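Take a look at the structure set out below.
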């Protein structure tokens, strides 16, 4: 009975929060705000930067997670611990560290002056998102590789495949559904990133304005209605991502 009561309270609480947002909407004004240049820009920028950041993170996380799952080498525990730091550290602090690096270190200044600029630029959004979500991607992928029986790779090697062929022909196909699920969850975290993005890329309207930044700017100029519309967009994306994740994880379990 206590468990059911707790579940009812949780459901009611979440339901009331969602209702408070939906009830605020004036449906006649919704299309005007939804299709405004600022909201459309923030949607487009968020989708692009989150997808690029997730792709970069996954490309780095797959070999990293596989190495941590399969290989034994000196310093493995140290690397494993360092990867988790962005998960524990506040995103705002992560963004501040990145800003300090690019503005106050020799290497950071060289990159900014001679290669490409990250501070207060769209590239900074991607960099900040990668810095935050890479650890999540690596941790999810490591758990996936840990769940794959290493004997499958051993059998492939006894049949003449080297480690690289065994990885691409055996391990990677077996991990495909898990990798897709990890991509979805990493993408969801990237598109909702705020703190690190704010610190490194700033909050410039129609320049570095992602959806979370749009909410921040809307409240800053007391445009609560626009903020609520953007919140609904993020809620819609969240529901879609969670449904997709559940479908994929259900396939993995089956």
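From the backbone N, Cα and C atoms, a Cβ is placed for every residue, glycine too.
Residues 81-102 are the range that TrEMBL records as transmembrane segment, among 81-102, 147-168.
Under 8 Å from some Cβ of the transmembrane segment (47-69) lie the Cβ atoms of residues 76, 79-80, 83, 122, 125-126, 129-130, 133-134, 137-142, 144-146, 167, 171, 179, 182-183, 186-187, 190-191, 193, 210, all in the same chain and six or more residues away from its ends. Within the same chain, residues 45, 49-50, 52-54, 56-58, 60-62, 64-66, 68, 83-87, 91, 94-95, 98, 116, 175, 178-179, 181-183, 185-186, 189-190, 193, 196-197, 199-202, 207-208, 210 sit at least 6 positions outside the transmembrane segment (122-141) and bring their C-beta atoms closer than 8 Å to a C-beta of that stretch.
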